[in-house]
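Asks: Pasting in a structure now, in structure tokens, and then I'll have a few things to ask.
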């Protein structure tokens, strides 16, 4: 009798995706982040669902409802901080996942890569709208500043901003719609993640060598299920250490002050995971130029496959490209630091140089270095 796991229409899909899936025998821990992102998404949906049961999306009561969750709801504080810090863990895993894709040439699977970029935009939009919901000072002013960027769009800009706001400023209508979108987007992200996996399973996983691994496959279960469980334990341990010992480490103290349209905080800045993009936005004096640079800082990933000039897929055996890659990582860390600094003399210049270097590495230096490496190897 054939195993029901392999024949039943429902279990067959699960079996072919997570159990009998042929996987390369040499994929490293850098391939764990896909499953970790799935776990992050599940944690965020579950904690978010329980928060939504007690949260009220009204300007008069939003801040108080979050306080009520932390003080009066059973284990409300842990749910709230798991959700807030879960977002940080989500973005750490996202950045490492994208970095892995860049390093090992996984972007050559163009459909998977492009769905991944759409997912990145969707997660960033969700996180931004979620940050507005507690209705603290940074929530209000962050929402005002970021939505205002759309007014840089010629001709329709101002009307577009007022349409998004549902009025002439960030107010009750804005908060209500942001809550609605923040609630629905994670489910859209789940569907997109399924499509992301669907396209990945059309080609099979890449591996650290960048060489096709069809001749050397192993079943996903038990080898990679156990490896993913280990990664998940590390993820949950890190998250719980953050939640239980320093839940406000990555947050902004200004968000514990209720939103006040008459009082602007001294330094308006987004959460840490947006600081690199915020630094790029601020480094260009023109409003429209800044907005375009901001969007292109993520959208640039879409043209990476077109700029792949190397004869090898992965950077494993390409030391010059490796140096450039780690320079890019250092540059992104610099941008993150600059994004959190005030707009003053040394920081402005550093931010502008780091922004230029970011685009230079991805669009100019990487393709040139790859050609040089090809010639060095006489390929």
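Placed from the backbone N, Cα and C atoms, the Cβ positions cover glycine too.
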Asks: Quick one: sort out which of 77-98, 143-164, 253-274 is the transmembrane segment according to Swiss-Prot.
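Replies: Feature transmembrane segment in Swiss-Prot: residues 77-98.
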Asks: Measure the Cβ-based neighbour count of residue 196 (heme b b566 binding site), defined as the other Cβ atoms within 10 Å of its Cβ.
Replies: 21
Asks: Where, among 33-53, 113-133, 178-198, 288-308, 320-340, do we find the most CB pairs under 8 A to the transmembrane segment (226-246)?
Replies: 33-53
Asks: May I ask for the distance between residue 97 (heme b b566 binding site) and residue 201 (ubiquinone binding site), taken between their Cα atoms and rounded to an integer number of Å?
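Replies: Approximately 17 Å lies between the Cα of residue 97 (heme b b566 binding site) and that of residue 201 (ubiquinone binding site).
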Asks: Where, among 77-98, 113-133, 178-198, 288-308, do we find the most CB pairs under 8 A to the transmembrane segment (33-53)?
Replies: 77-98
Asks: Measure from the CA atom of residue 201 (ubiquinone binding site) to the CA atom of residue 182 (heme b b562 binding site) and give the result in Å, rounded to a whole number.
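Replies: Between the alpha carbons of residue 182 (heme b b562 binding site) and residue 201 (ubiquinone binding site) there are 29 Å.
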